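Going by TrEMBL, these are the annotated features:
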type	residues	note
TRANSMEM	12-32	transmembrane segment
DOMAIN	14-318	domain 'Sugar phosphate transporter'
TRANSMEM	44-66	transmembrane segment
TRANSMEM	86-106	transmembrane segment
TRANSMEM	118-137	transmembrane segment
TRANSMEM	143-164	transmembrane segment
TRANSMEM	176-194	transmembrane segment
TRANSMEM	214-234	transmembrane segment
TRANSMEM	246-269	transmembrane segment
TRANSMEM	281-302	transmembrane segment
């Protein structure tokens, strides 16, 4: 694992990492949405292909960094040997991750790109709740205020006039919202479980990423079978045409960008601060809304715009409380337990 660098990253380095992270995240959402619009009956096959591509790219990265070309790269990609004990220990965190990934994809399939961030708007409050339960401590007042703001933003967003848009029929199912809520809950639980998972791989982010991708790809196979996607996929391959082309190109693009996003996440831990990350997330929310309107013709009604604004404000306030200014007041008797160290958006 890399040590802390002596030199502080320059503004240019920070801007480059944040910009790349934002672009990769936006590409993932919009290409995923395009593929799911084109082949809505193959969500789990699509995820499997993405994960498989990420595993292949990790192997390529390992080959390159262990070759003479490795001197041109900042770090090395060391892949783990198979260990049945590690495999068993990682089953809980990977199972939760796979479930979250599947629910996240089903949510995105059922809602507009601009509404997707609202459907998953309870991620922060749920993460605070899960962290609190796990640590056995009660959140401070400002943390609860931030959670309340975000929750209010979510409920503004799920009112009917926000939910419906040009692509949404009036008899739309509430199911995508349930998927969004459950996917946020799984992500919150995963954020807590992944802390202990690092210990099973010697603290190596690359090794954990590799294990997670391999095991998640295997975990997608039952979903593919139960959803009846094998004959459908064979049918797409036999008939060809535009849907197959979108699936192949979309899988390649999201596989590569998903891998790049993972690498950017690792780099950003060293280069950016939590506050930088949250402000970039806020900017990404705005861009995602604008691009949803331009690319997919989403209609952003007042409730939807207000919801995104309130959720973003609550998230920024939480970041300021946790990492910026609002330090807790000196305790009168006993120090108040400082809560959720495990929060990771």
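Cβ coordinates come from backbone N, Cα and C, glycine included.
Across the candidate stretches 176-194, 214-234, 281-302, the maximum count of CB pairs under 8 A to the transmembrane segment (44-66) is reached by 214-234. Just going by CB pairs under 8 A, the stretch in 118-137, 214-234, 281-302 that sits most against the transmembrane segment (12-32) is 281-302. The list of residues near the transmembrane segment (86-106) in space but at least 6 beyond its ends in sequence, with Cβ under 8 angstroms from a Cβ of it, reads 32, 36, 43-44, 46-47, 80, 120, 175-176, 179-180, 182-183, 186-187, 189-190, 193-194, 196-197, 200-201, 211-212, 215-216, 219-220, 223.
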